[in-house]
Amino acid sequence: EIVLTQSPAITAASLGQKVTITCSASSSVSSLHWYQQKSGTSPKPWIYEISKLASGVPARFSGSGSGTSYSLTINTMEAEDAAIYYCQQWTYPLITFGAGTKLELKR
């Protein structure tokens, strides 16, 4: 089973700040996806196939990486970006998720 380790577990950012969340895989994966979850809702697909933004995701988000190291970046933090972000990979026959990164708005 491939284990995904996210860093940091929790972070806070001010409006306009650049935010980077990392996801490290215990062995190489061919693709990686990101989900966003807000309180009381189900996780939403956010970035798929490493760097492709899901429909409706603002262009301030980007994804990158390869092999065992991946990241999600928010170029300029907005209040609506406060959420939990999860990375996810699928290597037959198992889908695995990271434990999540909680991103809070620093006021």
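Glycine is no exception: its Cβ is also placed from the backbone N, Cα and C atoms.
Swiss-Prot lists 1-23 with the feature region 'Framework-1'. The disulfide bond feature in Swiss-Prot is assigned to C23-C87. The region 'Complementarity-determining-1' annotation in Swiss-Prot covers 24-33. According to Swiss-Prot, the feature region 'Framework-2' maps to 34-48. Here Swiss-Prot flags 49-55 as region 'Complementarity-determining-2'. Sequence annotations record features per position, and here Swiss-Prot assigns region 'Framework-3' to 56-87. Here Swiss-Prot flags 88-96 as region 'Complementarity-determining-3'. Look at Swiss-Prot and you will find 97-106 tagged as region 'Framework-4'.
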Per-residue pLDDT averaged over the region 'Framework-3' (56-87), given as an integer: 99
Disulfide-bonded residues compared (C23, C87) - highest count of Cβ atoms within 10 Å: C87
Beyond the flanks of the region 'Framework-3' (56-87) by 6 or more, those residues with Cβ under 8 Å of it: 4, 6, 13-29, 32-38, 43, 46-47, 50, 97-105
Distant-in-sequence neighbours of the region 'Complementarity-determining-1' (24-33), which means Cβ under 8 A and at least six residues beyond its ends: 2-7, 45, 47-50, 63, 65, 67-70, 87-91
For the region 'Complementarity-determining-3' (88-96), sequence-distant contacts whose Cβ falls under 8 Å of one of its Cβ atoms, 6 or more beyond its ends: 1-4, 25, 29-35
Contact set, same chain, for the region 'Framework-4' (97-106): CB under 8 Å, 6 or more residues outside the stretch: 4-15, 17, 19, 21, 23, 35, 37, 77, 79, 81-88
Residues of the region 'Framework-4' (97-106) by DSSP state, where helix covers H, G and I: 0 helix, 6 strand, 4 coil
